Amino acid sequence: MAPRNITGVSGLLLLGFSEEADMHPLIFGLFLSMYLITVFGNLLLILAVSSDSCLHTPMYFFLSNLSFVDICFISTTIPKMLQNICSKRQVITYAGCITQMYFFILFVGLDALLLTVMAYDRFVAICHPLHYMVIMNPQICRILVMASWITSVLDSLLQTLMTLRLSFCRNVKLPHYFCELRQLIQLACSDKCLNNMVMNFAAGLLGGIPLAGILYSYYKIVASIRGISSAEGKYKAFSTCASHLSGVSLFFSTSLGIYLSSSATHSSYLIEINSVMYTVVTPMLNPFIYSLRNKHIKRSLKAFFHMAAIRSPVDLG
């Protein structure tokens, strides 16, 4: 049978967790809980930053943007997965798959670029403290965030348009609970050489360059911290980077895991586990990573809840 364009097929089958039908209630409850924790955790982080004028600094500006992106990131995959579990149908439409893939690529790229911008912010704060507010002025911060958005949008648009040119055979089955670009390209019946080249080039560009920038920033940061004479000064300087370093390690280790598992193995179980770590666990843990050891965030949240508690009786009265 000749290859048939995917637009002629009613939908794609998402096989993620389809084999554990008896576990679906547990899976639904678990993923719903993680989704709600992620959304509310990141929303609280955004509220803490926006409600406290003391946190209106470049570092917290980038952090609030990262929290917003994490909410959008997890919202591209989990709601559809929960809907499929409830309806007991593992189907996604062609338009839905393309849309999901577009936003997934967009927010993955934004995560990587924002983490790079945050590393640059820490580099300037530690290596050039006297010029920090001049270099990282509000206009520069907005430009850096806008440049990250534009770069990610263009990359996602290119990858999506490249996917639209592919033709697929009937019964397209993805071993995921969402439409993942690499798996979708592998299932194409038409020539996919150009798609693989563009995908790998984009992955190297938006993965390799940010990672190299982060590593260089921390190389300079470590060299600067070593030059500090007092142990207290060294601890204070390193503590400002510890949360970001943890977030970077979590993001890039899980992204590397899903990249290697989807390209080097056919084990659907391994792919699912890496996908969960990448798309769910990382956004869920970020609010805890950036707030648990941050006294300014905790102070802001306490003040926010205190004000909310004071206003509630007044509103009721």
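Glycine is treated like the rest: Cβ placed from N, Cα and C.
TrEMBL: automatically predicted annotations, no manual curation.
Fair warning: this is a prediction, and the values are worked out from it, not measured in the lab.
Confidence over the domain 'G-protein coupled receptors family 1 profile' (41-290), given as mean pLDDT on the 0 to 100 scale, stands at 87. Annotation comment: TrEMBL describes 41-290 as domain 'G-protein coupled receptors family 1 profile'.
Note on the transmembrane segment (28-48): residues 55, 63-64, 67-68, 70-71, 74-75, 78-79, 81-82, 85-86, 280-281, 283-284, 286-288, 290-291, 297, 300-301, 304 of its chain, located 6 or more positions outside it, place their CB under 8 angstroms from a CB of the stretch. Under the heading transmembrane segment, TrEMBL lists 28-48 (among others).
What TrEMBL records for 60-79 (among others) is transmembrane segment.
TrEMBL lists 91-120 (among others) with the feature transmembrane segment. For the transmembrane segment (91-120), the residues of the chain that approach it from at least six positions outside its boundaries are 6-7, 9-14, 59, 62-63, 65-66, 69-70, 72-73, 76-77, 80, 84, 144-145, 147-149, 151-153, 155-157, 159-160, 163-164, 178-181, 184, 206-207, 210-211, 213-214, 217-218, 244, 247-248, 251-252, 255, judged by C-beta separation under 8 angstroms.
Residues or ranges marked as transmembrane segment by TrEMBL: 140-158 (among others).
Taken from TrEMBL, the feature transmembrane segment covers 201-219 (among others).
Same-chain residues lying 6+ beyond the ends of the transmembrane segment (240-261) with a Cβ under 8 Å from its Cβ atoms: 59, 108, 111-112, 115, 118-119, 122, 125-126, 182, 203, 207, 211, 214, 218, 221, 267, 270-271, 274-275, 277-278, 281-282, 285-286, 289-290, 293-294. According to TrEMBL, the transmembrane segment annotation covers 240-261 (among others).
The transmembrane segment annotation in TrEMBL covers 273-292 (among others). Residues 16, 31, 34-35, 37-38, 41-42, 44-45, 48, 63, 66-67, 70-71, 73-74, 77-78, 176-178, 180, 243-244, 246-247, 250-251, 254-255, 257-258, 261-262, 298, 301 of the same chain lie 6 or more positions beyond the ends of the transmembrane segment (273-292) yet place their CB under 8 Å from a CB of it.
For the transmembrane segment (60-79), the residues of the chain that approach it from at least six positions outside its boundaries are 31, 34-35, 38-39, 42-43, 45-46, 49-50, 100, 103-104, 107-108, 110-111, 114-115, 117-118, 121, 141, 144-145, 177-178, 279-280, 282-284, 286-287, 290, 296, judged by C-beta separation under 8 angstroms. Listed as Cβ neighbours of the transmembrane segment (201-219) (distance under 8 Å, sequence separation of 6 or more from its ends, same chain) are residues 109, 112-113, 115-116, 119-120, 122-123, 151-152, 155, 158-159, 241, 245, 248, 252, 255, 259.
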